[in-house]
Amino acid sequence: MKLLKLAPDVYKFDTAEEFMKYFKVGKGDFILTNEFLYKPFLEKFNDGADAVFQEKYGLGEPSDEMINNIIKDIGDKQYNRIIAVGGGSVIDIAKILSLKYTDDSLDLFEGKVPLVKNKELIIVPTTCGTGSEVTNVSVAELKRRHTKKGIASDELYATYAVLVPEFIKGLPYKFFVTSSVDALIHATEAYVSPNANPYTDMFSVKAMELILNGYMQMVEKGNDYRVEIIEDFVIGSNYAGIAFGNAGVGAVHALSYPIGGNYHVPHGEANYLFFTEIFKTYYEKNPNGKIKDVNKLLAGILKCDESEAYDSLSQLLDKLLSRKPLREYGMKEEEIETFADSVIEGQQRLLVNNYEPFSREDIVNTYKKLY
């Protein structure tokens, strides 16, 4: 039984300048990033690399159409390295760009063509949530299928994962919270996954501690205090990525995908809507497994009784990021059934990682409670 894989070499630099100079970014490199990152942080240190801004191809979550249009614009140009500097959307797209190109990226996500890596991939995350710099997963909205779908393959691992706290310090508050909540959920779902083991647990627990303790300090000292402890979130997110990259995530992510895909809710925010409700259901189904350890861990960090762990967690997170019923994002009541079918049909890759199996009825009931 394989216990742990950490495929990329992990680097950390204080500044973008240090990163650009160390990796000698220049001719033969393709940088995928955002203009608001490129202009202040990267442009003056770029020695001839082609730079493309992801937002030119559309806003929000990555999609198969976005990927197709970028590949079309690349045309016959040949690159040695793909360098992703950005959040989850940039990273997910860059992973696909590191592969041998196909006419339609939908074929990759639907398994119709093989994944063949033919370029080095350097990932520099600029949010503190995806952990995607150390995972072999890429997720995109499939426009023609009206859902989000992920593919997992070792061909998608980065060659180098590079942590640069300078990027995170300027992250707008809303993006900081939604991305770091996503990291917390990665760590927690990975901890209760049937694929978890002592190695992944070590990364999960430390990630949960770093992120939750950081949140508690922010509530006490103000939201701007996050800049003082930003490395805790950067490292915590990376640890969470290592955990879920090996153990997987489950129902929280699976049920959130139709919401994110159809109503363009940011990924971390969509996950947060389902987080505590699904873990309460897990506990009702089987209170004696690892969910008991999660409750104990949360209670210790949040200084509450184990029976109040999820309520206390919700109270803490609600102070940082407000939640709304699903209907306020645009979801229609009749979509409860269709979304449940969509999850069962398209998200088995995630559902197999559930702490306890979720029936169609469980999925429908979860949507109803949150509607």
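Cβ coordinates come from backbone N, Cα and C, glycine included.
What Swiss-Prot lists as NAD(+) binding site is Gly88, Ser89, Val90, Ile91, Asp92, Thr126, Thr127, Cys128, Gly129, Thr130, Lys148, His267. Its own atom aside, the Cβ of Gly88 (NAD(+) binding site) has 23 Cβ atoms within 10 angstroms in the protein chains shown. The DSSP secondary structure for Gly88 (NAD(+) binding site) is helix.
Within the same chain, residues at least 6 positions away in sequence whose Cβ sits under 8 Å from that of His267 (Fe cation binding site) are Glu61, Gly88, Gly129, Thr178, Asp182, Ser256, Gly260. Taken from Swiss-Prot, the feature Fe cation binding site covers Asp182, His186, His253, His267.
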Val90 (NAD(+) binding site) and His186 (Fe cation binding site), Cα-Cα, nearest whole angstrom: 19
Proximal residue to His253 (Fe cation binding site) among binding-site residues Val90, Asp92, Thr127, Lys148 (C-alpha distance): Lys148
Listed in sequence order, residues with CB under 8 A of Thr127 (NAD(+) binding site) and six or more positions away: Gly87, Gly88, Ile168, Leu171, Phe175, Phe176, Ser179, Ser237
Remaining residues near the recorded Fe cation site, that is with C-beta within 8 Å of the centroid of the site residues Asp182, His186, His253, His267: Gly129, Thr130, Ala183, Ile185, Val249, Val252, Ser256, Gly268, Asn271
Site with most surrounding Cβ atoms, counting all protein chains shown within 10 Å, from the binding-site residues Lys148, His186, His253: His186
In three-state DSSP terms, the structure that His267 (Fe cation binding site) belongs to: helix
